[in-house]
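Colleague: Per Swiss-Prot, active site, tele-phosphohistidine intermediate is recorded for His12, and the stated evidence type is sequence analysis. What Swiss-Prot lists as active site, proton donor/acceptor is Glu90. Swiss-Prot lists 11-18, 24-25, Arg63, 90-93, Lys101, 117-118, 184-185 with the feature substrate binding site. The site 'Transition state stabilizer' annotation in Swiss-Prot covers His183 and rests on sequence analysis.
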Amino acid sequence: MGDTGTLVLLRHGESDWNARNLFTGWVDVGLTEKGRAEAVRSGELLAEQDLLPDVLYTSLLRRAITTAHLALDSADRLWIPVRRSWRLNERHYGALQGLDKAETKARYGEEQFMAWRRSYDTPPPLIEKGSEFSQDADPRYANIDGGPLTECLADVVARFLPYFTDVIVGDLRAGKTVLIVAHGNSLRALVKHLDHMSDEDIVGLNIPTGIPLRYDLDERLQPVVPGGTYLDPEAAAAGAAAVASQGAAKA
């Protein structure tokens, strides 16, 4: 491992709205039973491969917090320091939050749907303050005036990377194994940075739920293996394909 620590990225287990194929964003939904099982299994994988975290970073959303708790429990690491920040939250999907992905695709067309869902710099329409799935009155975001009203991936990069550089990198430089339990788009933002992916290439990156992704970093914090290594590669490939297919109408 050398003087630089190891970074482990973990997307939360399947959420209730993942299962229902809804845009979630900052809406605070829980895990399905499948998602809880994924979280437990992720901790088992960490223990089996002797990749035990020294510190955990996660978001302010329960699907990530619960995943982190279950993973640490199954890896017998509940005692490690836990640091939470809104900067690790999922991308805010604006007015799309709560909408069915397949219905949204059918209504607006493939091109607009994919631009909102996967492009680097196209945000969805703004969510209306005070609406059902808005966070403007949520006390956890009082210090940031309720948070954003929409975001594209570039916005997530802008809010997450300074936190990574100013806070998380310090633990990596200290030789710690750092576990980040977050969300599909906040992790895509970080992977884009780590792997120097272009704005075009990041469009095709899909991160599966509940499978740890290991990055060994050199002294310059560059990945030893570009793209990292999933602890369960077969499950990761299947999970990424499932994420890519979201938006398809269910039979």
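Cβ from N, Cα, C; glycine included.
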Colleague: Between Arg91 (substrate binding site) and His183 (site 'Transition state stabilizer'), what is the CA-CA distance rounded to a whole number of Å?
Modeller: 8
Colleague: For His183 (site 'Transition state stabilizer') and Glu14 (substrate binding site), what Cα-Cα distance in Å is obtained after rounding to a whole number?
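Modeller: That comes out at 11 Å between the alpha carbons.
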Colleague: Output the one of Arg11, Arg91, Lys101 that, of all these binding-site residues, has the highest number of other Cβ atoms within 10 Å of its Cβ.
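Modeller: Per the Cβ count within 10 Å, the most buried is Arg11.
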Colleague: Between the recorded positions His12, His183, whose Cβ has more other Cβ atoms within 10 Å than any of the rest?
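Modeller: Max Cβ neighbours within 10 Å, all protein chains included: His12.
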Colleague: When DSSP is mapped onto helix/strand/coil, what comes out for Arg11 (substrate binding site)?
Modeller: strand
Colleague: Would you count the other CB atoms within 10 A of the CB of Gly184 (substrate binding site), including those on all shown protein chains?
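Modeller: Neighbour count, Cβ to Cβ under the 10 Å cut-off: 20.
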Colleague: Around the residue listed as 'active site, tele-phosphohistidine intermediate', which of the listed binding-site residues (Gly25, Lys101, Gly184) come within 10 Å, judging by Cα atoms?
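Modeller: Final answer, ordered: Gly184.
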Colleague: When you rank Arg11, Glu14, Trp17, Lys101 by Cα distance to Glu90 (active site, proton donor/acceptor), which of the binding-site residues ends up on top as the closest?
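Modeller: Result for Glu90 (active site, proton donor/acceptor): the nearest of the binding-site residues is Arg11.
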Colleague: Near the Cβ of Trp17 (substrate binding site), how many other Cβ atoms are there if near means within 10 Å?
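Modeller: The answer is 20.
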Colleague: So, in DSSP terms, is Lys101 (substrate binding site) helix, strand, or coil?
Modeller: helix
Colleague: Through the lens of DSSP with three states only, how would you label Trp17 (substrate binding site)?
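Modeller: Where Trp17 (substrate binding site) sits, the three-state DSSP reduction gives helix.
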Colleague: Give me the count of other Cβ atoms within 10 A of the Cβ belonging to Gly25 (substrate binding site).
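Modeller: Taking every protein chain into account, the count is 25.
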